[in-house]
Amino acid sequence: MVQLPRRQRKIQYSEGQLPPEEPEPEFLAPLENMTVTQGRHVSFTCVVNHLGSYKVAWIKSDSKAILAIHDHMVTHNPRLAVTHNGHNTWKLHVSNVQKNDSGTYMCQINTDPMRSQMGTLGVLIPPDILDDEASDTDNAAPEGGSVFLRCQATGVPEPAVLWRREDSRNIVFRHDGGREKLSAKTFDGETLLLSSIQRADMGAYLCIASNGVPPSVSKRFIVQVHFHPLIKVSNQLVAAPVTSDVLLECYVEASPKAMNSWYRDTDSLLTAGAALVAGEKLMEGSKYEMEETPLSDYALLMKLTIRSLEKRDFGRYMCASVNALGKVEGDVRLQELHLAPKTTAPAPARHDKARKKPSAHDKPRKKKKKKGERGREEEGDGSSAEEDGDEGDSSAAAGGGGGANGNGGAGGGGGAAWFAPHTTIMPASGSARPPWVTMLDGAASSTGGGGGGAGSGGGGGAGGVAAGSSLPWRVAAAALGAWALARQRRRL
């Protein structure tokens, strides 16, 4: 305990008087223990009654250094200060608390014996990770080798260290040459050993230190695994027509990073079991577009787009990948795709609207013949009483009209026709069907006999044979012709 000099007192007493007793100084409250985070501010309070002419001093016990006496600073630390409220309270202030400020502080009165009380200051320090140059640089190994990572952290209280992968995948631990393995999301400890390492173990690993004092801190370690390049071609044969654009692709794995190229019309030259690329190296331009799409830390997709294919563009293409550990190639064959000529499908037949029955004004007027001319015509040998029907369209022909004479001569010969479905056929005159009749579904072929002649006042006969679908309108047409002929004769 630091001893302060006792004050010297001169007391004069008169004869027969006893000196009065002075009350001794006393502490009214204990000195509190304080715990603060590094960088904060803290104050110790010392309350003393009946101090009188005594003095209050502040002392750091572990170093036995006098910090202040009464309201005067002894130490030259700018972060320390002392205050007095003018009555019975003294305070020691510590600003921007640091680790070396932790320890025991004493409020002391220079009585005989000395009176004092003590309080401790605890400083909480957030975690901090120490720099380790070896861990920062030596994080690469060949496939099948080992990588050792170390993460040292300090803080108060002592921080805990946890490892995890940045991409949230499991950390894989292999033993016995890789024959046994375990995996976990996290691993506790300052060191992490990855043995029998594989390319899938590549990536970023995080070391996280925490001790309950914010903030937690982390450090990023990049693990590299080196191996010979690998190429996979999913579509080794690609076909495309002339004038089109085509896309060729190669999947590549390599570490360290490889140089990737495309070649066309190449030949493989085998030297000591390794293929060497021979051919024209393709360059980026209007004809060729090249792109590399990263898939992981060690894998990517090579893409080659060939624009406006010509005959000379067809052939063999190669994708090549080269790094410090080796070289590999992949083949893609591009061949012409012959497209069948385009044909136009026939348009479906449409339904024509049924024609209206012609009126009396629409019927063609026949020229009236003289009586002598009619007689000569009737006496003919089977000549037609009416003109033969006109031909319809290119796909139909109507039968001719029947003849007539005084003795009932035989009728004219029949005709044949084919009709497309849903088509309205314009009838020929005579025995052709009336214009208001519309053929519906199906195609029909028919033959019909002409109307028979009739004598004076007698009716003619009609007959017909239908092939395919029955066409009763032909029979009706023949009968109509015979009826018209008989009516004309009655007028005569």
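Including glycine, each Cβ sits where the backbone N, Cα and C put it.
Automatic, uncurated: that is what TrEMBL annotation is.
The model shown is predicted, which means the values in this text are computed figures rather than measured ones.
Features of the protein shown, as given by TrEMBL:
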REGION    1-24  region 'Disordered'
COMPBIAS  1-10  compositional bias 'Basic residues'
DOMAIN    25-122  domain 'Ig-like'
DOMAIN    127-218  domain 'Ig-like'
DOMAIN    229-335  domain 'Ig-like'
REGION    339-409  region 'Disordered'
COMPBIAS  352-373  compositional bias 'Basic residues'
COMPBIAS  378-393  compositional bias 'Acidic residues'
COMPBIAS  398-409  compositional bias 'Gly residues'
REGION    440-468  region 'Disordered'
COMPBIAS  447-466  compositional bias 'Gly residues'
Revision key, fill the gap. Secondary structure split (DSSP) over the domain 'Ig-like' (127-218) reads 8 helix, 47 strand, 37 coil
Review point. For the domain 'Ig-like' (229-335), what does DSSP give as the number of helix, strand and coil residues?
Key: 3 helix, 73 strand, 31 coil
**Study point:** Tally of DSSP helical, extended and coil residues in the domain 'Ig-like' (25-122)
**Key:** 3 helix, 52 strand, 43 coil
